[in-house]
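So that you can see what the record holds, here are the features copied from TrEMBL:
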type: ACT_SITE; residues: D271; note: active site
type: ACT_SITE; residues: E289; note: active site
type: ACT_SITE; residues: E290; note: active site
type: BINDING; residues: N274, Q288, Y329; note: substrate binding site
type: DOMAIN; residues: 87-222; note: domain 'PARG helical'
type: DOMAIN; residues: 240-491; note: domain 'PARG catalytic Macro'
Amino acid sequence: MEDREDLRSIIAYLPVVSRSSSLFWPSQVVEALKALSSGPHHSRVDSGEVLFHAIADLRQSLSLTHFSDSLAFAAADGYSLFFDDLMSRAEAAKWFGEVVPVMANLLLRLPSLLEAHYKDADGNGGRMGGVKTGLRILESQEAGIVFLSQELIGALLSCSFFCLFPIANRGPKHLPTINFDHLFASLYESYSVQQENKIKCITHYFERICSHMPVGVVSFERKVLPLEHSPPCVSYPKADYWSKSSIPLCCFKVCRSGLIEDHSCEGLEVDFANKYLGGGALNRGCVQEEIRFMINPELIAGMLLLPSMADNEAIEIVGTERFSNYTGYASSFCYLGDNIDKVDLDSMGRRRTRIIAIDALCNPGKKQFRLGCLLREINKAFCGFFDQSRCQQYQRLFEGDDSCRTQIDHNVEGPVAMSGDLLLRHEALSLTSESSEGIFADRLIRSSGGKIIQHVDHQDQIGIVTGNWGCGAFGGDPELKATIQWLAASQDPTLYLDLMQKTKRDEFSDWNDR
């Protein structure tokens with residue numbers, strides 16, 4: 001195992017030990033986890049206060065005692081407050097009697113789950129036939145993808161709950177927070193209903209996987225537009241590319257209601273991201289990105305392995321399961337019970353839920369209308385929306401053609417006009433089809449010589465479900481951001497656009513809405 005490049009890149013950020021050909025827990029950790037897995041009658045862990053003592057003991061056994069690895073000051077009080085005061089006695093009895101033992105057993109199996117993962121990810125026999133998919137740090141400026149089973153993600157998030165990940169070396173690597181200590185500490189330091197309900201979503205996730213472990217797969221991908229020309233990849237477009245583009249605008253429909261995560265058609269669902277994936281999900285944040293990470297907690301696993309995004313990068317996560325329902329937003333956010341995710345699986349075992357994380361400029365003011373900022377934002381959206389692998393398939397069709405320019409003919413009268421009112425929230429600017437009305441005609445891709453070289457049927461198109469990206473606390477102009485996303489989406493002939501918005505402006509807070 002030690003000679004694996006992928007494992008070497010991430011082992012310092014994992015709590016397990018690597019030696020020779022195996023991964024394992026230190027013996028003291030094994031004994032502590034075995035006690036926890038035997039239930040509260042054996043471990044005596046039957047309250048939040050005692051639970052945190054057990055967490056501290058585990059961390060000491062992993063030598064996570066240096067100041068640079070210390071947890072948030074009020075973490076112990078937060079665990080105690082939630083499990084001893086806010087959770088009902090019946091719920092607490094179930095949690096400590098049924099959930100914690102299964103989580104401990106899952107942690108005991110983490111080394112073997114990782115070893116099985118790396119074996120499955122090996123090149124020739126791997127999931128993508130030679131493409132690296134093993135768990136590793138997906139470095140900045142290096143496009144790559146990692147496939148994780150939902151079971152392995154459950155084990156990794158159990159490490160987060162027990163605060164077992166080393167943290168001293170994460171800052172220099174520009175990696176976001178991954179342990180749950182700040183999530184619980186902030187509950188105690190400044191109690192808020194939304195923070196309590198965020199933790200309810202997390203504990204519900206563990207209750208679900210401990211009663212029935214899901215068997216799907218989730219992929220985490222860093223997408224990069226290379227700054228230098230590097231065929232066959234599409235490189236970072238310059239201003240001239242956009243100003244001279246003759247590609248028609250894709251269809252754009254405006255709806256008056258809806259949520260990104262509730263959209264009925266398959267599409268790319270935009271995460272209004274912080275450059276550090278997850279934003280304040282594991283702290284006090286409770287807006288679009290943070291809420292999505294609470295109802296789809298498997299997204300948090302991406303925070304383990306994805307350093308912050310540069311201007312020419314985006315992140316795509318495919319296959320996460322939604323476990324919780326909710327209502328409200330920001331200060332009114334409230335956990336609303338169990339959700340059964342009925343999204344279909346693709347050929348690789350992933351749910352067809354495709355989440356695109358793109359970070360907007362923060363507080364650009366009037367500069368957002370200048371060329372540099374416009375170029376940054378349209379290329380950020382383009383990076384998230386565009387599929388490089390599909391582009392390479394298109395490029396092979398142009399071999400022998402002197403011109404790189406293509407035209408996309410729409411058998412429609414013109415692009416659908418935008419609504420005059422584009423005051424969006426996080427609900428959704430989405431690209432969707434209306435097959436019953438036949439709005440989207442088949443598209444023909446032509447070379448510059450007029451020869452038809454590719455036929456794109458509207459049934460093969462997918463949508464981009466998005467909304468008020470970068471227009472809350474980040475200070476973006478809604479009409480400008482909608483137009484930018486429209487232009488970016490139009491460059492791919494397989495995409496189309498709907499714009500959904502709430503009619504009640506006061507229903508959501510602008511605070512920290514990215």
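Each Cβ is built from the backbone N, Cα and C atoms, and glycine gets one as well.
Please treat TrEMBL annotations as automatic predictions, because they have not gone through curation.
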Query = For the substrate binding residues given in the record (N274, Q288, Y329), what is the largest pairwise C-alpha separation in angstrom?
reply = 17
Remark   = DSSP tally for the domain 'PARG helical' (87-222), helix/strand/coil in that order, comes to 72 helix, 12 strand, 52 coil
Average model confidence [pLDDT] within the domain 'PARG helical' (87-222) = 95
Task = Let me know the most crowded of the active-site residues, choosing from E289, E290 and counting other Cβ atoms within 10 Å.
result = E289
Ask   = Within 10 Å of the Cβ of Q288 (substrate binding site), how many other Cβ atoms are there?
value = 29
Request  = Using a 10 Å cut-off, grab the number of neighbouring Cβ atoms around the Cβ of D271 (active site), all chains included.
outcome  = 29
Remark   = One of the recorded positions D271, N274, Y329 has its Cα closest to the Cα of E289 (active site), namely D271
Ask   = What's the CA to CA span in angstrom from Q288 (substrate binding site) over to D271 (active site)?
value = 7
Request  = Sorry to bug you, but what's the C-alpha spacing from Y329 (substrate binding site) to D271 (active site), rounded to the closest Å?
outcome  = 15
